[in-house]
Amino acid sequence: MTDPLVRLEQITVAFDDRPVVDRVNLTVSRGDIVTIIGPNGAGKTTLIKTVLGIQRATSGQLSVAPGLVIGYVPQHLTLEPTLPLSVRRFMLLSGRTLADCTAALERTGVAHLLDASVHHLSGGEKQRLLLARALARKPDLLVLDEPAQGVDINGQATLYDLIRQLRDELHCGIIMISHDLHLVMAATDRVICLNQHVCCSGYPEDISQDPAFVETFGHQVAESLAVYHHHHNHRHNLHGDVVSSADAHEGCSHDHH
C-alpha cells in the first residue's frame, strides 16, 4: 500500500466543550475516492476544514505527506455581481500560468469559456470552473465540498464521472462531501457516514445495509441505495486499512437517539 496523503487519528474538534467532530479516523492515499456523507450538522465541513488546515483540532493527530498539494473546490462560488470578472482572470488569480490554467479548463471541458463572464455561467459550468482552478495547482489531493451543488440532475452523473476520470489520469486522492447519496454510491470507492463520529465506514453497498446508516438516514433511503453494486477485491475498516471481509465493520458504540 502506498504511503497515505493524509491521515487523521482520533481527531476531535469541539466548540464550547461540545464535540462537533468526535474521535474520527480517516486515511486517504493516491487513487482513493472517499466520500463523506451525513445529515446537516454532522461535522462534515468542520472535518474538511481540519484536513485543509483551516480548523485546528482540539485533540488527535493530523499527518500529511511531505510537500502535499491540495486542490479545494468549495460548495459555492460567491462573487460581487457588479465586479466584472472573466474566466481567464478568475483562473489567473490563482497565481498559475495561463498555460496551466488553460490545460485545467480543457480537462474539465470548459476551455471554450476562457473569455466568458463568470457571472453568466450555468451552475454546472461554475462547478467545472472551480474544479479547473483546483486542478491548476496540480494537486496530490482534491477536496470537493458538494461538487454537484447547483448542477441539474442531467449533469450530476457526468460531473461525478469526470471526477473519476481525473482520479485515474492524475492518480490523486479525492475526498468528497455529498448529499447526493444515490450518485455517491456509484461514484466512490469508500463511504464514511459521519454524525459527529463515524457511524459506519467501508464498501458502498455494505454501508447501505449497515444498521447505523439505516438509523441515520432511514429505511427508505437505505433500500433505494442498495441497488448500486461495486466490485472490489478488498474492504476497509473504520481506519481505512485494508482488512479481511470478516473484520470489515467494527460497528458503532454511540447512541444515535
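Glycine is no exception: its Cβ is also placed from the backbone N, Cα and C atoms.
Lifted from Swiss-Prot, the feature list:
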type: BINDING; residues: GLY38, PRO39, ASN40, GLY41, ALA42, GLY43, LYS44, THR45; note: ATP binding site
type: DOMAIN; residues: 6-221; note: domain 'ABC transporter'
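In three-state terms derived from DSSP, ALA42 (ATP binding site) belongs to neither a helical nor a strand segment and is classed as coil. Long-range neighbours of ASN40 (ATP binding site) (same chain, six or more residues apart, CB within less than 8 Å of its CB): none. Of all Cβ atoms in the shown protein chains, 22 besides its own fall within 10 Å of the Cβ of LYS44 (ATP binding site).
Of all the binding-site residues listed (GLY38, GLY41), GLY41 has the fewest other CB atoms within 10 A of its CB. If you take every residue in the domain 'ABC transporter' (6-221) and average the pLDDT, you get 88. The residues near the ATP site, meaning same-chain residues not in GLY38, PRO39, ASN40, GLY41, ALA42, GLY43, LYS44, THR45 whose C-beta sits within 8 angstroms of the mean position of the site's C-beta atoms, are LEU194, ASN195, in sequence order. On its own chain, ALA42 (ATP binding site) has LEU194, ASN195, GLN196 as residues at least 6 apart in sequence with a Cβ closer than 8 Å to its own Cβ.
Ranking the binding-site residues PRO39, GLY43 by other CB atoms within 10 A of the CB puts PRO39 at the bottom.
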